[in-house]
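Swiss-Prot has this to say about the protein:
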LIPID     Gly2  N-myristoyl glycine
LIPID     Cys3  S-palmitoyl cysteine
DOMAIN    32-355  domain 'G-alpha'
REGION    35-48  region 'G1 motif'
BINDING   40-47, 176-182, 201-205, 270-273, Ala327  GTP binding site
BINDING   Ser47, Thr182  Mg(2+) binding site
REGION    174-182  region 'G2 motif'
REGION    197-206  region 'G3 motif'
REGION    266-273  region 'G4 motif'
REGION    325-330  region 'G5 motif'
Amino acid sequence: MGCTVSAEDKAAAERSKMIDKNLREDGEKAAREVKLLLLGAGESGKSTIVKQMKIIHEDGYSEEECRQYRAVVYSNTIQSIMAIVKAMGNLQIDFADPQRADDARQLFALSCAAEEQGMLPEDLSGVIRRLWADHGVQACFGRSREYQLNDSAAYYLNDLERIAQSDYIPTQQDVLRTRVKTTGIVETHFTFKDLHFKMFDVGGQRSERKKWIHCFEGVTAIIFCVALSAYDLVLAEDEEMNRMHESMKLFDSICNNKWFTDTSIILFLNKKDLFEEKITQSPLTICFPEYTGANKYDEAASYIQSKFEDLNKRKDTKEIYTHFTCATDTKNVQFVFDAVTDVIIKNNLKDCGLF
């Protein structure tokens, strides 16, 4: 009897080859689909990272889209100066020029209608300009850790002349600096290095967290954002709770969650620019009384990094990938995200048995 291969055997071998090919293709397709979850406490920079993805990977904001942010820029600017002026009363700081008290009254009288209309009328921009130039207002701004103030306050107020122009169109940087509280889940899609990313930005305030849970299934990596500059601030929603401590508590619960045993965890220690400005004026012992190092950027930032990384209870099997970031700096985010993507590619290929 010869060793001829029957037609059935040949067909079976072909089928088997085809199944293997399909499995491999499915594996490669799965390895190319990346589900990224952006987590972190409120105001840690998650939404700014999402905006950067649009700028870096999707041609940025069109002129029309930038125009739509004009009302948000005005609202952020008005809210910022109002927060400072209100805080002056609580902190018992007087205006350097008593005439500014009239401007403060004007500010509160005009701001409501301006915000509703998404405008910055000339009389209101004049009021804001005079208030912002007052030494008493500047002294109060210098104590902003004692009340709630947007990070972008000085950015907009210092540039009032430009944004108050009647033909003003926000720049990409203006858009990046806007602050709108994220409620619910914002999903962004983009392609980079032959990977198809789905990025989910989840509201960070406590009231938002119960909405996170169903997002977790099948997630490739978590980017956890921490505002380095929040070490001397309290929460907007709980004035007893230090923001950095809240962030550590949340990171602990995410990093050691049984659901995320196989999920890459990437830690963005964000707002490094604000932290560098602040650390020489406001000691780290406000947040960590046991800290004995210098109030210098490198030493203090390394200490915070070790505090977060030490929360990882599975150091032997789980690595935390830490990066220092400035979410409003496009080049920095581009550089960091490139490194993050390489880690994801490597881990993905490993999971699919292709590495």
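Glycine is no exception: its Cβ is also placed from the backbone N, Cα and C atoms.
Location within the structure of each feature annotated in Swiss-Prot.
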residue : record              : Cβ within 10 Å
Gly40   : GTP binding site    : 25
Ser44   : GTP binding site    : 27
Ser47   : Mg(2+) binding site : 22
Leu176  : GTP binding site    : 24
Val180  : GTP binding site    : 10
Thr182  : Mg(2+) binding site : 19
Val202  : GTP binding site    : 21
Asn270  : GTP binding site    : 29
Ala327  : GTP binding site    : 26
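The Cα of Thr182 (Mg(2+) binding site) lies closest to that of Val202, out of the binding-site residues Gly40, Ser44, Leu176, Val202, Ala327. Under 8 Å from some Cβ of the region 'G2 motif' (174-182) lie the Cβ atoms of residues 42-43, 46-48, 51-52, 55, 61, 65-66, 69, 72-73, 76, 150-152, 155-156, 163, 201-205, 208, 327-328, 330, all in the same chain and six or more residues away from its ends.
Remote same-chain residues near the region 'G5 motif' (325-330) are listed as 45, 48-49, 52, 55-56, 172-173, 176-177, 225, 268-273, 336 (criterion: CB distance under 8 Å, separation of at least six residues from the stretch ends). Val202 (GTP binding site) carries a strand DSSP state (E or B). Under the three-state DSSP scheme, Gly40 (GTP binding site) falls in the strand class. The residues of the region 'G2 motif' (174-182), classed with DSSP into helix (H, G, I), strand (E, B) and coil, number 4 helix, 0 strand, 5 coil.
Here the CA atom of Ser47 (Mg(2+) binding site) lies 9 Å from the CA atom of Leu176 (GTP binding site).
Applying DSSP to the region 'G5 motif' (325-330) sorts its residues as follows: 1 helix, 0 strand, 5 coil.
In the predicted model, the region 'G5 motif' (325-330) shows an average pLDDT of 97. Secondary structure at Ser47 (Mg(2+) binding site), as computed by DSSP, is helix.
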